[in-house]
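J.: Okay, here's the structure, questions in a sec.
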Amino acid sequence: MPRYFEGKLDAKGQKIGIVVSRFNSFITERLLEGAVDALVRHGADEQEIHIARVPGAFEIPLAAKKMAASGAYDAIIALGAVIRGSTPHFDYVSSEVTKGVAAVSLESGVPISFGVLTTDSIEQAVERAGTKAGNKGFEAAVTVIETVNLLRSIN
């Protein structure tokens, strides 16, 4: 019979780092609220949630790398909002942030949940920050809780 590994939605005892971008703060603050809410609802101690604020989304991977390298965190949540404008800047930033966060997680072995919105409009970002499409910060936190527990069960 095969053996299955699954992560529980229990954040008790988990120490979580959150890296959140200040740019587009009217969106990212909602994502942050959602993430903290999810962590606390699932048993995390607020004292074990550490938040690093970075200027923009491009700086998220470096701060996440520093947190991961510290060995102090069970997981990290990356939160930001990159909204398409009239120049190719959106494409460069969203691509590099995505690649950077994935690289940090794979290289460090620390789970990093990607809660960086990459939307075509402000309206889409608002929808994903707690209105019509839920709160992607909340979802990122739930994902990281489950992933931490999954990896623990594999070990």
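Cβ coordinates are placed from backbone N, Cα and C, and glycine is handled just like the others.
The structure displayed is predicted, hence computed values, not measured ones.
Features from Swiss-Prot:
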BINDING   Phe23, Ala57, Phe58, Glu59, Ala81, Val82, Ile83, Phe114  5-amino-6-(D-ribitylamino)uracil binding site
BINDING   Ser86, Thr87, Arg128  (2S)-2-hydroxy-3-oxobutyl phosphate binding site
ACT_SITE  His89  active site, proton donor
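For the listed features, I'd like the structural context: burial, neighbours, distances.
T.: Neighbour count (other Cβ atoms within 10 Å of the Cβ, all protein chains): 29 for Ala57 (5-amino-6-(D-ribitylamino)uracil binding site).
Non-local neighbourhood of Arg128 ((2S)-2-hydroxy-3-oxobutyl phosphate binding site): Leu117, Thr119, Gly134, Asn135, Lys136, each in the same chain, at least six residues away, with C-beta under 8 Å from its C-beta.
Counting Cβ atoms from all protein chains shown, His89 (active site, proton donor) has 11 others lying within 10 Å of its own Cβ. In the three-state DSSP assignment, the secondary structure recorded for His89 (active site, proton donor) is helix.
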J.: Given Phe58 (5-amino-6-(D-ribitylamino)uracil binding site) and Thr87 ((2S)-2-hydroxy-3-oxobutyl phosphate binding site), what distance in Å do their CA atoms have, once rounded to a whole number?
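T.: The separation of the Cα atoms works out to 16 Å.
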J.: Give the maximum pairwise CA distance in Å, whole number, for the residues Ser86, Thr87, Arg128 listed as binding (2S)-2-hydroxy-3-oxobutyl phosphate.
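T.: Between the most distant Cα atoms of the (2S)-2-hydroxy-3-oxobutyl phosphate site, 23 Å.
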